[in-house]
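Notes to accompany the following structure.
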Amino acid sequence: MQNNKLFVFLAAAIGLLIVPLFVQQLGNGPVRILDLALLYVMLALGLNIVVGYAGLLDLGYVAFYAVGSYMFALLASPHLSENFESILAMFPGGLHSPLWVIIPLGAGLAGLFGVLLGAPTLKLRGDYLAIVTLGFGEIIRVFLNNLEHPVNITNGPRGIGQIDAIHFFGIDLGKPLEVFGFTLPSVTLYYYLFLALVVFTVIICYRLENSRIGRAWMAIREDEIAAKAMGINTRNLKLLAFGMGATFGGVAGSMFASFQGFVSPESFSLQESVMIVAMVVLGGIGHIPGVILGALLLSALPEVLRYVAGPLQEMTGGRLDAAILRQLLVALAMIGIMLSRPRGLWPAREHGKGAPQPVSK
Amino acid sequence: METFLQQIINGLVLGSMYALVALGYTMVYGIINLINFAHGEILMVGALVSWTVVSALADTGLPGWALMLVALLCAIVVCTLLNFAVERIAYRPLRNAPRLAPLITAMGMSLLLQTLAMIVWKPNPKPFPLLLPSVAIDLGGPVITVTQILILVITVIILGGLLWLVNHTKLGRAMRATAENPRVAGLMGVKPDVVISATFVIGAALAAVAGLMWAANYGTVQHSMGFMPGLKAFTAAVLGGIGNLAGAMLGGVVLGLIEAIGAGYLGDLTGGVLGSHYADIFAFVALILVLTLRPSGLLGERVADRA
């Protein structure tokens with residue numbers, strides 16, 4: 001049994017490592033889809049800490065993603081030095097902060113925002129919390145959209161471009177890399193970086209799930225008053241859940257910024273938050289393999305459908321283009337999967353008692 | 001002072017539309033504890049159906065008020081049928097499922113309705129014709145248009161009617177009983193499923209009215225127009241104390257006033273640093289403040305914990 005598990009594990013690891021090598025033969029597009037799917041896995045796992053473990057429904061998660069993205073964009077693009085004399089004077093060559101500065105900063109700032117959001121909402125539960133977090137996400141988006149006047153910080157709806165690619169140990173992920181006479185394009189390099197981060201995230205999530213903290217979160221999710229009575233510090237733990245979830249969002253955001261080379265408020269709409277919540281819930285809330293499945297399904301499948309949308313578009317006289325088809329399918333998936341499997345596609349086995357139950361009135 | 005009074009008028013008009021939509025949210029929430037995210041889309045469908053009817057009948061030479069009446073009737077019929085179907089398809093099968101499941105189907109429904117509207121009506125914004133004379137009545141400084149007066153009058157009539165319905169009719173009593181406890185209400189001979197359907201139908205009719213008003217007041221319709229009003233209306237419902245009809249009305253009006261006055265004065269107050277495009281955040285800042293200080297909303301008695 002133990003051997004069998006190890007075998008599956010090794011096979012999966014090798015599979016994940018060589019997949020992009022085959023996919024890249026098809027061009028950069030498909031690898032990009034894989035990359036984005038991995039980012040969504042990371043986001044969904046981060047949100048799963050808040051929603052799945054601690055039971056706090058957060059509809060403003062994309063705000064932290066945005067904070068991480070803009071943090072990276074500001075510190076690794078010419079934008080700041082173009083708009084502020086003093087920064088230009090300090091860094092004549094423009095800001096090109098190294099990864100080791102940006103990631104902790106992005107993660108830390110996003111985590112701080114998470115705690116800031118958590119603090120006033122501690123008393124709230126369920127739907128009230130959902131609507132407050134949703135409002136918080138919108139507030140952040142309004143600011144991103146408008147903070148270009150009187151001082152231009154975010155460049156408003158036009159967004160920030162020319163963001164550096166990630167570079168570390170002399171490797172620049174923005175350029176193709178020769179390894180043993182084999183060329184790895186930039187997107188494949190990003191794939192490996194994202195894969196490493198996802199594996200790291202999964203390990204943290206597994207460790208959390210079985211730790212004292214994770215168990216305390218689940219106790220709060222099941223019955224907050226009972227948890228409090230057992231001596232659990234619900235305030236600190238809820239703040240910690242918000243903070244940790246947000247941190248993952250921030251890291252994923254900074255990765256996104258460097259991967260795209262461009263950020264704008266459009267990428268951080270409420271629709272995006274809803275999509276991430278849907279990934280978590282559709283996959284199987286609180287269950288790591290389920291959440292990963294949900295994220296892969298909702299992020300990669302619609303992109304793949306883009307390629308087959310051509311004939312459909314012709315059939316419907318151009319009314320049903322790829323973007324609309326994608327939305328339609330995502331909407332139908334959200335409704336269809338919930339109707340047939342209200343606990344998600346791959347729920348945790350013990351989740352029968354774990355899922356948040358309707359309030360019996 | 002003149003700007004102030006003008007913004008009060010604008011705020012009341014905006015607030016009354018919020019209030020109409022908020023009532024739909026609050027009734028549904030009161031009975032089945034569900035944030036019906038698709039409710040804003042009902043407003044959008046109402047507005048787009050009205051637009052279709054009005055443009056189809058534009059050449060018949062009917063007077064503006066008649067066109068509006070026909071459009072309103074069509075919008076109400078389509079929206080009530082639609083919301084009835086939405087409840088049947090997306091919410092009823094999940095009555096006993098984990099709480100998040102119907103919330104996700106509600107979000108899916110919202111996305112689905114928007115997408116379908118985009119396919120049916122094309123994504124481009126469409127101008128909504130002016131149906132009522134565009135005379136602005138001078139109130140000694142601030143002005144008010146005929147459309148705005150009509151919006152206020154209709155809202156007051158509808159709100160009065162709804163309060164009467166809930167407090168003095170059999171259906172209203174059944175609704176209150178179901179909101180209190182569906183199982184016991186069932187034992188008393190109330191059919192919860194019928195009551196819930198009725199709630200969705202009434203809510204949809206109110207949203208249809210609000211949709212036409214929105215279109216007539218702002219002069220453009222689009223598939224994405226329902227989302228923000230829907231969100232704001234839910235915020236209004238929470239502000240007033242969710243599940244409470246009078247609260248939803250008060251919340252709607254308060255929110256409308258906050259937004260209008262905020263948008264009008266923010267630029268002056270902050271010396272031009274923040275402009276009127278920040279108006280959208282007022283709703284959410286107000287929401288966070290109210291929920292922090294008074295988690296049950298302005299008129300609510302329930303504790304936030306129940307949600």
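Backbone N, Cα and C define each Cβ position, glycine as well.
The transmembrane segment annotation in TrEMBL covers A:33-54 (among others). Within its own chain, the transmembrane segment (A:33-54) has Cβ neighbours under 8 Å at 19-20, 23, 61, 64-65, 187, 190-191, 194-195, 197-198, 201-202, 205, 208-209, 214, 217-218, 220-221, 237-238, 241-242, 244-249, 251-252, 255-256, 259, 276-277, 279-281, 283, 285-288, 291-292, 294-296, 298-300, 303-304, counting only residues six or more beyond its boundaries.
The transmembrane segment annotation in TrEMBL covers A:61-80 (among others).
Marked as transmembrane segment by TrEMBL: A:100-119 (among others). Sequence-distant contacts of the transmembrane segment (A:100-119) (same chain, at least 6 residues past either end, Cβ-Cβ under 8 Å): 60, 63-65, 67-68, 71-72, 75-76, 133, 136, 140, 168, 238-239, 241-247, 249-251, 253-254.
Positions annotated as transmembrane segment by TrEMBL: A:126-144 (among others).
The feature transmembrane segment is assigned by TrEMBL to A:189-208 (among others).
Taken from TrEMBL, the feature transmembrane segment covers A:239-262 (among others).
Per TrEMBL, transmembrane segment is recorded for A:274-301 (among others).
Within its own chain, the transmembrane segment (A:239-262) has Cβ neighbours under 8 Å at 35, 39, 42-43, 45-50, 53-54, 56, 58, 61-62, 64-73, 76, 102-103, 106-115, 117-119, 122, 159-166, 173, 190, 193-194, 197, 201, 208, 213, 217, counting only residues six or more beyond its boundaries. Listed as Cβ neighbours of the transmembrane segment (A:274-301) (distance under 8 Å, sequence separation of 6 or more from its ends, same chain) are residues 33-34, 36-37, 40-41, 43-45, 47-48, 51-53, 57-59, 61-62, 202, 205-206, 209, 218, 329-330, 333-334, 337-338, 343-348, 351, 354-355.
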